[in-house]
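Here the structure is laid out as structure tokens; the discussion comes afterwards.
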Amino acid sequence: MADNPVLELLLRRLEVADGGLDSAELATQLGVEHQAVVGAVKSLQALGEVIEAELRSTKCWELTTEGEEIAREGSHEARVFRSIPLEGLVQSELMHLPSGKVGFSKAMSNKWIRVDKSAADGPRVFRVVDSIEDEVQKRLQLVQAGQAEKLAEKERNELRKRKLLTEVILKTYWVSKGKAFSTSVSKQEAELSPEMISSGSWRDRPFKPYNFSARGVLPDSGHLHPLLKVRSQFRQIFLEMGFTEMPTDNFIESSFWNFDALFQPQQHPARDQHDTFFLRDPAEALQLPMGYVQRVKRTHSQGGYGSQGYKYTWKLEEARKNLLRTHTTAASARALYQLAQKKPFTPAKYFSIDRVFRNETLDATHLAEFHQIEGVIADHGLTLGHLMGVLREFFTKLGITQLRFKPAYNPYTEPSMEVFSYHQGLKKWVEVGNSGVFRPEMLLPMGLPENVSVIAWGLSLERPTMIKYGINNIRELVGHKVNLQMVYDSPVCRLDIEPRSSKTQEAA
């Protein structure tokens, strides 16, 4: 193996060595990098029993960059002492020297210098002793010469505290002769070529044995973002439960479908510019189902269907305002309206997973854009008990079995419930979703039969993803700060399997 001179030198030294060789000492003797000797050792190991190599770990001391500078030029305090003439030096001038600030305090501690605050030109620094011994420099030079063991532990700790010395673990090999030791070794073939087969030369050539423990080359392919992996799992759960996916391709929505159709009054705080992104162009939606619009207007302003309404002047121009949808319930309203137009009524299950937009303050857990998961069931005689049963089935498929329900308020559902789950990592109950039964004031103007009820629930996609993958800042999951390596390395998502550890749960 003439193409590797370090390997040849290793074999020659080993031939005459008594017992064996240390790889680090050999590297020093040959004047080469230790890694070059390690490479030669591993090449010989691959040839079989030519050598035996025992990996050893030893602690050693190395100088930091600052430590090397001090070993060469002296400590900061010594440099400060040498810079002070016999007549003294103004303290302000001393502090502007490269080693002034650090060296001044150390020299004062060593009682090498003193400060005269009564000087006419301001505080003045004078020498206290005629000469000094730079012990710090001497100790560092000992370490540099490989004699760190001559230093007392207290002296080493002092140098470490000043960040002049660091402890490292040096991994070396003790190399000795193997059963098949020889100074002349031939390179083993790594591949069987067509030429070897046709000429028959393969019979006389040594081949490198297969390493079945070696990792294969990772396939060069695209990688799904963790959000897409979790989204796929949620989608699969809905499909297993017999749901149909709603179209959610209209990010731009009219205020009518986003608010009014949901029996949300036009004076509601959520419709304020501080919470919603309104469009400048096009500012208004021109096409609305006017018959349905009139029924919604009457329900808001006058009441109906057993409700008193909100008793205010409902304005069409307010309902026409375009916005970035604040929830996918707008898509649910469209789907239910389309369902109401089909006669006779047919029970249906719908779901959607898509982006929504809120004009919120950005922080570690909130973005102006996020994903909402929503499930809707329309059927005859559905009650709150049906909703709780469906929620238990849904969250059980997510691996969440401990649930609690708390009464809540939503403008378009009554009764409404917040869903809580016991978080094993945080050791407390945390909110995982919102739910309710759609109000008759929302459903009957659409044209749905009076004995039809609609139950619905929703949750965000980002929160379970952050918990699943141990992410505690949403900006590390979405946006320009995302680490692409995280996308490459994130495992396949299984929502029915516990997250990685309680520590990652606490972080999320």
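Cβ atoms here come from the backbone N, Cα and C positions, even for glycine.
Here Swiss-Prot flags A2 as N-acetylalanine, drawing on similarity to another entry.
In sequence order, the list of same-chain residues 6 or more apart from S193 (phosphoserine) whose Cβ falls under 8 Å from its Cβ is empty. Annotation source Swiss-Prot lists phosphoserine at S193 (among others), citing similarity to another entry.
Secondary structure at S301 (phosphoserine), as computed by DSSP, is helix. Other Cβ atoms within 10 Å of the Cβ of S301 (phosphoserine) number 17 in total over all chains. If you look up Swiss-Prot, you'll see S301 (among others) marked as phosphoserine.
Within the same chain, residues at least six positions away from K311 (N6-acetyllysine) with a Cβ under 8 Å of its Cβ are S301, Q302, G303. Feature annotation from Swiss-Prot assigns N6-acetyllysine to K311; the stated evidence is similarity to another entry.
The Cβ of I373 (L-phenylalanine binding site) lies under 8 Å from the Cβ of F234, F351, S352, I353, G458, L459, S460, L461, each on the same chain and at least six residues away in sequence. Among the features that Swiss-Prot reports, L-phenylalanine binding site is placed at T329, Q372, I373, E374, Y412, F438, with the record citing similarity to another entry.
Spatially close to E414 (Mg(2+) binding site) yet at least six residues away along the chain are G436, V437, R439, judged by Cβ distances under 8 angstroms. Per Swiss-Prot, the feature Mg(2+) binding site maps to E414; the stated evidence is similarity to another entry.
Sequence-distant neighbours of T329 (L-phenylalanine binding site) (same chain, 6+ apart, CB under 8 A from its CB) are L262, E374, Y412, A456, G458. E374 (L-phenylalanine binding site) is surrounded by 24 other CB atoms, counting those within 10 A of its CB over all protein chains shown.
For Q372 (L-phenylalanine binding site), the count of additional Cβ atoms within 10 Å of its Cβ stands at 21 [all protein chains shown]. Reduced to three states, the DSSP call for S193 (phosphoserine) is coil. In sequence order, L336, Y412, T413, S453, V454, I455, A456 make up the list of same-chain residues 6 or more apart from F438 (L-phenylalanine binding site) whose Cβ falls under 8 Å from its Cβ.
If you compare every pair of Cα atoms in T329, Q372, I373, E374, Y412, F438, the residues listed for L-phenylalanine, the longest distance is 18 angstrom. A coil conformation is recorded for Y412 (L-phenylalanine binding site) in the three-state DSSP classification, outside any helix or strand.
DSSP classifies K311 (N6-acetyllysine) as coil under the three-state reduction.
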